[in-house]
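The active site, proton acceptor annotation in Swiss-Prot covers H19. The tRNA binding site feature in Swiss-Prot is assigned to Y14, F60, N62, N106; the stated evidence is sequence analysis. Look at Swiss-Prot and you will find N9 tagged as site 'Discriminates between blocked and unblocked aminoacyl-tRNA'. The feature site 'Stabilizes the basic form of H active site to accept a proton' is assigned by Swiss-Prot to D85.
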Amino acid sequence: MILIVGLGNPGNEYKNTKHNIGFMLIDELLSSDFSSLKSSKFQGELFKKGEILLLKPQTFMNLSGNSVKAVNDFYKPERIIVIHDDLDLNFGALRFKRGGSSGGHNGIKSIDNLIGNDYERVRIGIGRGQGNAANIVLSKFNNDEDKKLVEILSTAKKAVEFLIKNDINLTSQKFSRKGLKSEILSKNSDDENLNSQNSALKNLIKNVKISQISCSSEKK
């Protein structure tokens, strides 16, 4: 059995925030043939299809380990895969590893404290950007990031589905990607705004010319 955990915070106020990208990927992996396993002892939303378990802990990020431990103790899966955001990776980057340090991620810290760190991790970059780390992870994706998020989640979904049937090293070779630096995203957004402004200016000039021609015709 394989337990796949997507980390995030419960509640509408945290929906679609950067810290919840693990939840988003679990939603992508869910299909109609998964059955919901409702039990308060798991402290999360748990779904099962054959030998695959999908978990979205509902404990809030800092206590994610409580939910993971409860499911791990009950089902005793052979493998655990944890999907989470990573501030230190460029937006859209994908990295795969087993064990290692938490990198300051409180959800990973919580899991490590309760079951150890001998599990596989899918790290999805959200980019550090500027400002306080806590504010960044709890912020929503901007318009430019939102446009790219569909493709990022689609690739990450394929990676997890591949990882289920293959080892972490092969998955890393096939699906690791660098992502985009925040300044590139900012430039793309600026370019789009500039193009939009140029288009609006051209339309304005065109309308002025039409108006001038119309006035000239009336005078004649």
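Each Cβ is built from the backbone N, Cα and C atoms, and glycine gets one as well.
The recorded positions listed here are N9, N106; among them, N9 has the most other Cβ atoms within 10 Å of its own Cβ. The tRNA site is defined by Y14, F60, N62, N106, and by the 8 Å test on Cβ atoms against their centroid, the other residues of the chain that qualify are N9, H19, T59, M61, L63, S64, G107. The recorded positions in question are Y14, F60, N62, D85, and the one with the fewest Cβ neighbours inside 10 Å is N62.
Recorded residues F60 (tRNA binding site) and N9 (site 'Discriminates between blocked and unblocked aminoacyl-tRNA') have their alpha carbons 5 Å apart, per Cα-Cα distance. When Cα-Cα distances from N62 (tRNA binding site) are compared across the recorded positions N9, H19, D85, the shortest belongs to N9. Taking all protein chains in view, 23 other C-beta atoms sit within 10 angstroms of the C-beta of H19 (active site, proton acceptor). Between the CA atoms of the residue listed as 'active site, proton acceptor' and N106 (tRNA binding site) there is a gap of 11 Å.
Looking at Y14 (tRNA binding site) and D85 (site 'Stabilizes the basic form of H active site to accept a proton'), their Cα atoms lie 14 Å from each other. Here the binding residues for tRNA are Y14, F60, N62, N106. Their largest Cα to Cα distance works out to 16 Å.
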